[in-house]
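Engineer: Have a look at the structure that comes next, please.
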Amino acid sequence: MEKRESSGGSGSGDAEVRKGPWTMEEDLILINYIANHGEGVWNSLAKSAGLKRTGKSCRLRWLNYLRPDVRRGNITPEEQLTIMELHAKWGNRWSKIAKHLPGRTDNEIKNFWRTKIQKYIIKSGETTTVGSQSSEFINHHATTSHVMNDTQETMDMYSPTTSYQHASNINQQLNYGNYVPESGSIMMPLSVDQSEQNYWSVDDLWPMNIYNGN
């Protein structure tokens, strides 16, 4: 359930801050605002865009979910190997590791490490080299015929859809409430670097798993 917090004092509605899952409407507002004005200072951006969210919440939502160059889909065996090698070298420096995996976020890599790789290494109980552990981990998952099919349990992702009816059904499943914009009535920029005339419609973007947190 959505929560609202007030910074107190003034009693103004502008002081209220929304907590909890982002709605489709908020996502569209944030994406279109950044497409037109750039990222800038996040606290100022949130207010200018008319979002009753903290600057931190807007930043995390954009960087981890809405940014056009965020890579979608399962982490590949090659990426798994890179994560293990760089973690052995740098430890839990997720932002630094993410720079070597284009399109992957530090949060996604951290979740993958903690829920997949680390769990497997602890379970194996072996003190082998990183290379050996990497090969064993990848081979173990490859032989199950679903190297990363189960990662969606721990990562919030979305994939495009061309079916508006399907998007509407998913909209209800993801607890967006009763907010279902008319097909094509809200347009989304394909990229912040491209012309303002290049847009995604809701049909092309949704469904999308919501980020439960700020």
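Cβ atoms are placed via backbone N, Cα and C, with glycine included.
Okay, these came from Swiss-Prot:
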DOMAIN    14-66  domain 'HTH myb-type 1'
DNA_BIND  42-66  DNA-binding region
DOMAIN    67-121  domain 'HTH myb-type 2'
DNA_BIND  94-117  DNA-binding region
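Set these features in their place in the structure for me.
Structural biologist: The DSSP breakdown of the domain 'HTH myb-type 1' (14-66), given as helix, strand and coil counts, is 35 helix, 4 strand, 14 coil.
If you average pLDDT over the DNA-binding region (42-66) in this model, you get 90.
Per DSSP, the secondary structure of the domain 'HTH myb-type 2' (67-121) breaks down as 35 helix, 0 strand, 20 coil.
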